Amino acid sequence: MKIAVLYGGTSAEREVSLSSGKGIMEALKANGHEVIGIDFHPDQVRDLVDLDVDLVFIGLHGRLGEDGKVQALLDLLNIPYVGTGVQGSALAMDKAKAKLFFEKAGIRVAEEVVLHSFTYDANAFNFTGTYPVVVKPNQEGSTIGLTVAETEEELLQGIEEAFRHDDTILIEEFIAGTEVTVAVLGNKGEERSLPVVEIVPKNKLYDYESKYAPGMSEHIVPARISEEHTAYVQQAAVRAHQALGCDVYSRVDFIVPNDGSDPVILKVNTLPGMTPTSLYPDAAKGVGMSYEEMIQTFVNLSLKK
């Protein structure tokens, strides 16, 4: 089969995508496919228009890749691709809107305040919540632009930093606990969750360095959480995946609170990292699936969409 891999891109997650793309291309070649690699840039739209392939594997992360725009273009060109479609991609990228769907699906979310750059006035802003809080851009991944603020001064600095990345930002309650993630796999109506992965960062936070630098985080499979919480996050992950209209695969992140209360969903990743240190491949290993087998499974499921 002739498969094009889109990777790289122009988002803040470009370096991650370059690594994901390399892994995806090597796996596809190992599985016997003819592979065309495209380090994608918006100026290369003509390359997609003229593309003659059986399938596109999207290895992009962040904006202009994970937000539904590339998926929309491929739909217009009638080119099949791996993974979630336009609507599910766009919703998952928009954290504030996605949380509305999660709540409707009965999944616990963090309390939040949403700010917009066009109405925000630093001099008039008055936060009445409890510290610490998490400040983050609405449409960035890999913890880019994220700050944990414990004082008003840190909050104002965090707001300024988040606004550098997005016109809409979230201020969420900070929940102390164990961060876990659940890989979801399957066509619509046939989804299943893979083993829960516990994330143990070497840094204080599971930040960009912890996520992508070798040795900066430990992934424990299965996660060291209670059977009750394991069942909760596995079921909630599938419900969240379905609520947003995701397809084929996604990865859903949670915090399991130290106080024993229900886990809190953080986000759904429709194009999770596929680097050597990524979480989804580790979850797949938990069910005996090699990296190459996982990539081929994505291809097989996408051809049945």
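Quick reminder: no glycine exception, Cβ is built from N, Cα and C everywhere.
Features of the protein shown, as given by Swiss-Prot:
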{"type": "BINDING", "residues": "126-181", "note": "ATP binding site"}
{"type": "DOMAIN", "residues": "99-300", "note": "domain 'ATP-grasp'"}
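According to DSSP, Asn126 (ATP binding site) sits in a coil region rather than a helix or strand. A strand conformation is recorded for Thr168 (ATP binding site) in the three-state DSSP classification. Cβ contacts within 10 Å of Glu161 (ATP binding site), excluding its own Cβ and spanning all protein chains shown: 17. With the fewest other C-beta atoms within 10 Å around its C-beta, Asn126 stands out among the binding-site residues Asn126, Thr147, Thr168. Secondary structure at Val133 (ATP binding site), taken from DSSP and collapsed to helix, strand or coil, is strand. Confidence in the domain 'ATP-grasp' (99-300), given as mean pLDDT, stands at 93.
Within the group of binding-site residues (Glu140, Glu154), the Cβ with the highest number of other Cβ atoms inside 10 Å belongs to Glu140.
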